[in-house]
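Notes to accompany the following structure.
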Ligand code: KG4
Ligand code: ZN
């Protein structure tokens, strides 16, 4: 089959990114301009600021992606772009840029769901990965267990009913003074703490659902910190980090394993920013390994937001004839 080159664009949150991906699996370039330093000052992403920075850098990022891949626009077969979910103003920047590029160069436009992008990062990392498999998508904005039936065919098995896993990491990190983004900092600090030091709650639903809830856990951590302050007890941040992290990982692991059993699947592909968490990786590999289930994850640069993952998802969409119209709009609450 003829090679297909996708130029992909991602701007759903605080990373402006562009990539060139060959046949959905081979990354020729993957340029990421992160805004983390700007948003750090505010303790989280400020949507209006994010949109403005996307506008300032997108042209440069896309040109750099083509240059680094050693190709020009005429070599590209389709333009893939994230159109949701995410911050509407941020999404619009990448989407309008991608639409303009596709329209003027007469190339197909392929709208990509950001969550589908995260899952597809695994196709890049694991060249022979094929559906069916179970995916655990854990990021700053999303927590999903997805049964991937086929390329582009998804069944959502469980999701968060309130905060996303990464959001809980960020909020707890902020409460113990670690700064934004909190995930990597808690990951590091937790290594020095005792995960059994503090008993934080694990939310379980009584309706057999495999959904998650992290807001109770977050409140429980905040309560614990307040109690310590009131009683003048010194807080061991490493123990808080480790005990909180254990609570998150326990429920993620438990629900994803249940899904594998229900679906008779022996492959888990984790995805999203939190998928780079060292303890989540280790625990899943240990626990799933005992059940004969293989755990796959992308390298850290493909876990957090990037455009290569969008290029991979766009390729599989294109192969199924899923091309988008030029009136495609940004959908901040797009479902999988
Ligand atoms: O996928 P991503 O870049 O953006 C969204 O689509 O949300 O994920 C960012 C999230 C942040 O909440 C960040 O704290 C978390 O991923 N994160 C981590 C780690 N690295 C990033 N959480 C836990 N452990 C990590 N090592
Ligand atoms: Zn993301």
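Glycine is no exception: its Cβ is also placed from the backbone N, Cα and C atoms.
In the three-state DSSP scheme, residue 114 (Fe cation binding site) falls into the helix class. Of all Cβ atoms in the protein chains displayed, 26 besides its own lie within 10 Å of the Cβ of residue 114 (Fe cation binding site). Annotation comment: TrEMBL describes 114, 118, 305 as Fe cation binding site.
Note on residue 139 (substrate binding site): other Cβ atoms within 10 Å of its Cβ, all shown chains, come to 24. Under the three-state DSSP scheme, residue 139 (substrate binding site) falls in the coil class. The substrate binding site annotation in TrEMBL covers 137, 138, 139, 140, 141, 170, 183, 187, 277.
Under the heading domain 'Gcp-like', TrEMBL lists 26-311.
The maximal spread of the substrate binding site, taken as the longest Cα to Cα distance among 137, 138, 139, 140, 141, 170, 183, 187, 277, is 18 Å. A separation of roughly 17 Å, to the nearest angstrom, links the Cα atoms of residue 118 (Fe cation binding site) and residue 183 (substrate binding site). Proximity of the binding-site residues (137, 139, 183, 277) to ligand 2: a Cβ under 6 Å from the molecule is found for 139. The least crowded of the binding-site residues 137, 141, 277, 305, judged by other CB atoms within 10 A of its own CB, is 141.
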